[in-house]
Amino acid sequence: MSAVGVVGAGYVGLTTAACLAHLGHRVTCVDIDKSKVDDLGRGEVRIAEPGLPELVRAGLEGGELGFTTDLEPLRDTTVVLLCLPTPRAADGDADTRVVDAVLDRLEDLLPAGAVVVTKSTVPVGTAAAIGRRGLRAVSNPEFLREGHAVEDFLNPDRIVIGSADEAAGDAVAALYRRLVAPVVRTDPASAELAKYASNAFLATKLSYVNGLAQLCERLGADVTEVTRTMGLDARIGPDFLAPGPGWGGSCLPKDTSALLRAAAGAGVEFDVLRAAVRTNERQGERVAAAVREAVGGPLSGARVGLLGLAFKAGTGDLRDSPALAVAAKLADGGAVLTGYDPAVDPAELDGSRVQVTDDPYLVAKDAEALVVLTDWPQFRDLDWARMAALAERAVVVDTRNLLDPALLRARGFRRYGTGTRPE
Ligand SMILES: NC(=O)c1ccc[n+]([C@@H]2O[C@H](COP(=O)([O-])OP(=O)(O)OC[C@H]3O[C@@H](n4cnc5c(N)ncnc54)[C@H](O)[C@@H]3O)[C@@H](O)[C@H]2O)c1
Ligand SMILES: O=c1ccn([C@@H]2O[C@H](COP(=O)(O)OP(=O)(O)O[C@H]3O[C@H](CO)[C@@H](O)[C@H](O)[C@H]3O)[C@@H](O)[C@H]2O)c(=O)[nH]1
């Protein structure tokens, strides 16, 4: 089994490093964050990813996995995977400065013939640019979801290997040979674009559903029934059809933005994608309007309880969280906000306009409306009779259609769902 370098120990890098060690490779994982590296060296994983701490500890104990802040130990490594951040720049493009800076170092450090693999989501043309540095470049985009990182890495829908150099592509394919998945061997530009195209398609699917939900409300249809029917068509599929407060997270917003910039730069009017982004930008205002209706008056001074702050269930990640976008709209309207999320560290919202509590029942106390923003299944198990007793007005705006309408009704709640009539 080969010696592999992984640069970046975030969601993608740490998962990649731990899973490749699990698959039998010798992995050196490098991150610039010393305290994170120190924690990882002790087997302490900060992110909530099922199975990841176990794999990290097994790798450390077996000696297959090591962590360092120094790129130097990669000097003799012939395959290095870049799992570095590519956030949204001020102009909406992907900011590749971290990737570029690490490449500057690797260019001098790595042995001749070394293969540099981009697992980060990087603009089309990045592999070609790496090739011009004299390194052998392979695009190998990652499709894992937060909260399912290990499961997705070890059971991927596909493994994409984009390379102009067949032997370099073979070296990357060999890393995954123990996984059972279709392997797409293609050119680097197509591999790079396939990643953006997948995320943008998912985002578009969701904006379509969120628009549809509005239409259902106006026409007296139920979006759950409509999407259930649509999803039975194999060409559409049942996944990614749940309406909500908008799509967010560390990837969909920045990647749609970068793809729109790439399209504009190439002189392509990508109208569908532009509309999907615009629909999403307006979603927070739509939720705020529903809350205004639920409160039955101006938001100014109204106490509103928020259930869920993370961008989706199963993660404590607040990056581009639609829940925070809704909170901002409500706070702009003068609402007084209390929020609860089972995975979010309250300290992360210090100084924000949301008073974060670690007790979901405190969110209900004296509330004039409750708003479900994240699809945490445990919200279903709250004592809704107690929630009703604590609230000033028993009203729920369920942006995710998470809670059982019949149960809420039985507990005395008025419910505003998404894509359904209020009851
Ligand atoms: N999060 C996801 O679900 C996901 C899924 C697929 C692809 N991606 C893509 O993968 C890339 C990484 O995303 P992520 O979510 O893992 O990011 P992250 O922010 O969780 O992790 C990035 C890591 O890189 C480290 N880092 C920053 N600068 C460094 C440097 N100069 N040298 C070494 N380490 C450095 C940071 O300390 C951090 O630990 C992005 O391009 C993202 O778009 C993310
Ligand atoms: O039916 C649905 C499904 C999702 N969402 C929302 O869509 C957003 C994105 O969800 P998800 O895709 O599960 O989150 P990520 O973990 O960010 O994963 C996406 O972004 C990653 C980073 O590029 C990719 O690797 C994954 O394939 C891609 O699904 C979240 O706000 C969800 O709440 C809905 O509103 N309704």
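Placement of Cβ uses the backbone N, Cα and C atoms for every residue, glycine included.
What TrEMBL records for ASP31, LYS36, THR86, THR121, GLU146, LYS254, ARG319 is NAD(+) binding site. The annotation substrate binding site is assigned in TrEMBL to PHE143, LEU144, ARG145, GLU146, LYS195, PHE240, LEU241, ALA242, PRO243, GLY244, GLY248, LYS312. Annotation source TrEMBL lists active site, nucleophile at CYS251. The domain 'UDP-glucose/GDP-mannose dehydrogenase C-terminal' annotation in TrEMBL covers 305-405.
Here the features listed in TrEMBL are painted onto the structure.
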residue: ASP31; record: NAD(+) binding site; Cβ neighbours (10 Å): 22
residue: ARG145; record: substrate binding site; Cβ neighbours (10 Å): 14
residue: GLU146; record: NAD(+) binding site; Cβ neighbours (10 Å): 23
residue: LYS195; record: substrate binding site; Cβ neighbours (10 Å): 25
residue: LEU241; record: substrate binding site; Cβ neighbours (10 Å): 19
residue: PRO243; record: substrate binding site; Cβ neighbours (10 Å): 26
residue: GLY248; record: substrate binding site; Cβ neighbours (10 Å): 24
residue: CYS251; record: active site, nucleophile; Cβ neighbours (10 Å): 24
residue: LYS254; record: NAD(+) binding site; Cβ neighbours (10 Å): 23
residue: ARG319; record: NAD(+) binding site; Cβ neighbours (10 Å): 16
Listed binding-site residues ASP31, THR121, ARG319, filtered to Cα within 10 Å of CYS251 (active site, nucleophile): THR121, ARG319
Most distant Cα pair in Å, residues PHE143, LEU144, ARG145, GLU146, LYS195, PHE240, LEU241, ALA242, PRO243, GLY244, GLY248, LYS312 binding substrate: 24
The domain 'UDP-glucose/GDP-mannose dehydrogenase C-terminal' (305-405): DSSP-derived helix, strand, coil residue counts: 33 helix, 19 strand, 49 coil
Neighbourhood of ligand 1 - recorded positions from THR86, LYS195, LEU241, GLY248, CYS251 with Cβ under 6 Å: THR86, CYS251
Alpha-carbon spacing, LEU241 (substrate binding site) to ARG319 (NAD(+) binding site), which is rounded to whole Å: 22
Sequence-ordered binding-site residues from ASP31, LYS195, PRO243, LYS254, ARG319 with Cβ under 6 Å of an atom of ligand 2: none
Three-state secondary structure, LEU241 (substrate binding site) (per DSSP): coil
Candidates LYS195, PRO243, GLY248 (binding-site residues) - the one closest to GLU146 (NAD(+) binding site) by CA: GLY248
C-alpha spacing of THR121 (NAD(+) binding site) relative to PHE143 (substrate binding site), in angstrom: 9
Neighbour tally for PHE143 (substrate binding site), based on other Cβ positions within 10 Å of its Cβ: 17
Other CB atoms within 10 A, centred on THR86 (NAD(+) binding site): 23
